[in-house]
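Asks: One structure follows; several queries about it will come next.
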Amino acid sequence: MAPPRTNNRPVTRRKKPSNLLLLLKEKYVNWNFIKYLAFEPAALPIVSVLIVLAEAVINVLVIQRVPYTEIDWKAYMQECEGFLNGTTNYSLLRGDTGPLVYPAAFVYIYSGLYYLTGQGTNVRLAQYIFACIYLLQMCLVLRLYTKSRKVPPYVLVLSAFTSYRIHSIYVLRLFNDPVAILLLYAALNLFLDQRWTLGSICYSLAVGVKMNILLFAPALLLFYLANLGVLRTLVQLTICAVLQLFIGAPFLRTHPMEYLRGSFDLGRIFEHKWTVNYRFLSKELFEQREFHLVLLALHLLLLLCFAKPTWTFFRSYLRLREVQQQIVPQILHKNREQQNQAKIQAKKSKQLVEQQQEEEDEQLSAEQKSFLKAFERSLQQSTGQKSLEPHLNQKQEQYDIYFEPCTQLALLPFFLCNFIGVACARSLHYQFYIWYFHSLPYLVWSTPYSLGVRYLILGIIEYCWNTYPSTMESSIALHLCHLILLVGVARHVYRILRLNATVKQQQRQEQSTLQNGQPKTSKKSQ
């Protein structure tokens, strides 16, 4: 009995995937690719996916294994229950921890959570909802870092995975700060995508959840003016204001003064026992109005000091975006032309090869042709490889310019403006850490300091926020880190301004030299 003719087929099928696995192993399982993932900001799209997946696992483990701590959740539910029962007087909406002090968007969002969690009793479900909020915010934050290509991926990995306080704030405390920060980062992403109206809506909603989002307002105003001009800026500010009136309407119609005093109380006194940054002050000095006015004056002074760099950065960002809008269509057109030319060339080459093949076939006898084909098939079966064919469609190099790093010019002023507000705050409570946590790596990498100093700043800040209760030493260390970080960013920013001024001066000198030289050359020619 003749042996079966299909003995070699399984061999060829096994070798194809093994070859593919070898190629993947050679390309990705090596030290160079690991270094690329760790240190190259261009690898952030890949690393971001890994971070989000790992964070999902970490949050589930924290929820399952670490006990929940009740602080404000019940009070939030009690305040919302009063609203749902028909009370629109803010002075009457209270919980176990005190009166309601947040704007109307907070009331609506937590009223939704009130229903979803069975009047606030299903805390475990609320924890998983806040875990989703955390993951969604991480996606928005990582998108900004991916666009800017400023910070190495390993820094974001370390900062995300090593902060117990941040995970605690989101899934073990259920504060309203995460909701406000989520809307804030959604607004920043929309602004950078030039979706101004949606960005303004998200920003206004964030302010409607918690008033600390106003710390970004000075930078946002300049960003509006630099990109939109005065009239369109007024339109966006009107959108923000109208949305605040709309969400506050049930309270403004009935008890307007109580709503404004309760939700936008700029003079509210914080309790000294919860302060993270001013433990070294006495309670009397901490609560003095003069001390608050000094901090406000310092805040405004620092904003004025950085107003010119902020405006310069925003204008430079706008100019680069305009260049992008001019160049990108040209690049796309050039690439399409190349592709069309490549297709035409490939078609001509294919016709030429077929013509040559026909000429060669005419010179061979039928017996020779069959012998060559049989020999080729036997080689394919023994090696598991296909016959080599001429590469008619070789991949053409395409033109491309990556413009997204220009978002560095927009992000730094936003993060810096918020950081100044946090550093000059009358008091910082533990949940306020998320106000600037996700921007700290960006700010630290915007300083001229060495890597060791950068790690030290991030490490000490994390230590200060994890010290409970706060001590004199931890509060002083936090202020020192804020000061060192602010000085470093200022050095970086003003160095860029000096370089910019030098380049402009050189350009003016070159232009004046050319203008002065033109009459002389014309006289010589005459």
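Backbone N, Cα and C atoms are what each Cβ position is placed from, and that goes for glycine too.
Straight from Swiss-Prot, here's the annotation block:
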TOPO_DOM  1-42  topological domain 'Cytoplasmic'
TRANSMEM  43-63  transmembrane segment
TOPO_DOM  64-97  topological domain 'Lumenal'
TRANSMEM  98-118  transmembrane segment
TOPO_DOM  119-124  topological domain 'Cytoplasmic'
TRANSMEM  125-145  transmembrane segment
TOPO_DOM  146-170  topological domain 'Lumenal'
TRANSMEM  171-191  transmembrane segment
TOPO_DOM  192-210  topological domain 'Cytoplasmic'
TRANSMEM  211-231  transmembrane segment
TRANSMEM  232-252  transmembrane segment
TOPO_DOM  253-293  topological domain 'Cytoplasmic'
TRANSMEM  294-314  transmembrane segment
TOPO_DOM  315-404  topological domain 'Lumenal'
TRANSMEM  405-425  transmembrane segment
TOPO_DOM  426-431  topological domain 'Cytoplasmic'
TRANSMEM  432-452  transmembrane segment
TOPO_DOM  453-469  topological domain 'Lumenal'
TRANSMEM  470-490  transmembrane segment
TOPO_DOM  491-526  topological domain 'Cytoplasmic'
Asks: Which stretch from 98-118, 125-145, 171-191, 405-425, 470-490 shares the most C-beta pairs under 8 Å with the transmembrane segment (432-452)?
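Replies: Looking only at 98-118, 125-145, 171-191, 405-425, 470-490, the most contacts with the transmembrane segment (432-452) come from 405-425.
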Asks: Quick test of the contact rule: Cβ under 8 Å, at least six residues beyond the ends. What residues does that give for the topological domain 'Cytoplasmic' (253-293)?
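Replies: Answer is 88-91, 93, 99-104, 211, 425-430, 432, 464-465, 469-472, 474-476, 478-479.
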Asks: Where else in the chain does the topological domain 'Lumenal' (146-170) make close Cβ contacts, counting only residues six or more beyond its ends and a cut-off under 8 Å?
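Replies: Distant contacts of the topological domain 'Lumenal' (146-170): 37-45, 47-48, 51, 54-55, 58-59, 62, 66, 69, 130-131, 133-134, 138, 177-178, 192, 404-405, 407-408, 411, 430-431, 433-434, 437, 440-442, 445-446, 458, 462, 465-466.
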Asks: For the topological domain 'Cytoplasmic' (119-124), could you work out the same-chain residues 6 or more beyond its ends whose Cβ comes under 8 Å from its Cβ atoms?
Replies: 63, 68, 73-74, 76-77, 81, 113, 174
Asks: Take a look at 125-145, 211-231, 232-252 and tell me which one has the most Cβ pairs under 8 Å to the transmembrane segment (405-425).
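Replies: The stretch with the most close Cβ contacts to the transmembrane segment (405-425) is 211-231.
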Asks: Pairs 6 or more apart in sequence, C-beta under 8 angstroms, 3 or more of them: is that satisfied by the transmembrane segment (43-63) and the transmembrane segment (232-252)?
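Replies: The transmembrane segment (232-252) and the transmembrane segment (43-63): touching, no.
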Asks: Quickly jot the same-chain residues contacting the topological domain 'Lumenal' (453-469) by Cβ under 8 Å, restricted to those at least six beyond its ends, or write none.
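Replies: Result: 159, 162-165, 273, 276, 279, 430, 433, 440-441, 444-445, 447, 475, 477-478, 481, 484-485.
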Asks: Look at every Cβ pair spanning the transmembrane segment (294-314) and the transmembrane segment (211-231), keep those 6 or more apart in sequence, and say whether at least 3 of them are under 8 Å.
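Replies: Contact between the transmembrane segment (211-231) and the transmembrane segment (294-314): present, because at least 3 Cβ pairs are under 8 Å.
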Asks: I need to check the long-range neighbours of the transmembrane segment (470-490): which residues 6 or more away from its ends have a CB within less than 8 Å of a CB in the stretch?
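Replies: Those are 275-280, 302, 305-306, 412, 416, 419-420, 422-423, 443-444, 446-449, 453, 457, 460-461, 463-464, in sequence order.
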Asks: Work out, from DSSP, the number of helix, strand and coil residues along the topological domain 'Cytoplasmic' (426-431).
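Replies: Breakdown, helix to coil: 2 helix, 0 strand, 4 coil.
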Asks: So what's near the transmembrane segment (232-252) in sequence-distant terms, Cβ-Cβ under 8 Å and 6+ beyond its ends?
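Replies: Same-chain residues near the transmembrane segment (232-252) but 6 or more away: 88-90, 103-105, 108, 196-197, 200-201, 203-205, 207-208, 221, 224-225, 258-259, 263.
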Asks: Averaged over the topological domain 'Cytoplasmic' (253-293), what pLDDT does the prediction give?
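Replies: A mean pLDDT of 90 is what the predicted model shows over the topological domain 'Cytoplasmic' (253-293).
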Asks: For the topological domain 'Cytoplasmic' (192-210), give the DSSP counts of helix residues, strand residues and coil residues.
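Replies: Residue counts for the topological domain 'Cytoplasmic' (192-210) by secondary structure: 15 helix, 0 strand, 4 coil.
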Asks: Let me spell it out: take the topological domain 'Cytoplasmic' (426-431), skip the flanking residues so only those 6+ beyond its ends count, and list any with a Cβ under 8 Å from a Cβ in it.
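Replies: Answer is 165, 169, 173, 175, 177, 270, 272, 274-278, 286, 291-292, 295, 465, 468.
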Asks: What does the DSSP secondary structure composition of the topological domain 'Lumenal' (146-170) look like, as residue counts for helix, strand and coil?
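Replies: Final tally across the stretch: 19 helix, 0 strand, 6 coil.
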Asks: Apart from its near flanks, which chain residues at least 6 from the ends of the topological domain 'Lumenal' (64-97) lie with a Cβ under 8 angstroms of it?
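Replies: Non-local partners: 107, 110-111, 113-114, 119-120, 123-124, 126-127, 168, 172-176, 250-251, 253-255, 258-259, 261-263.
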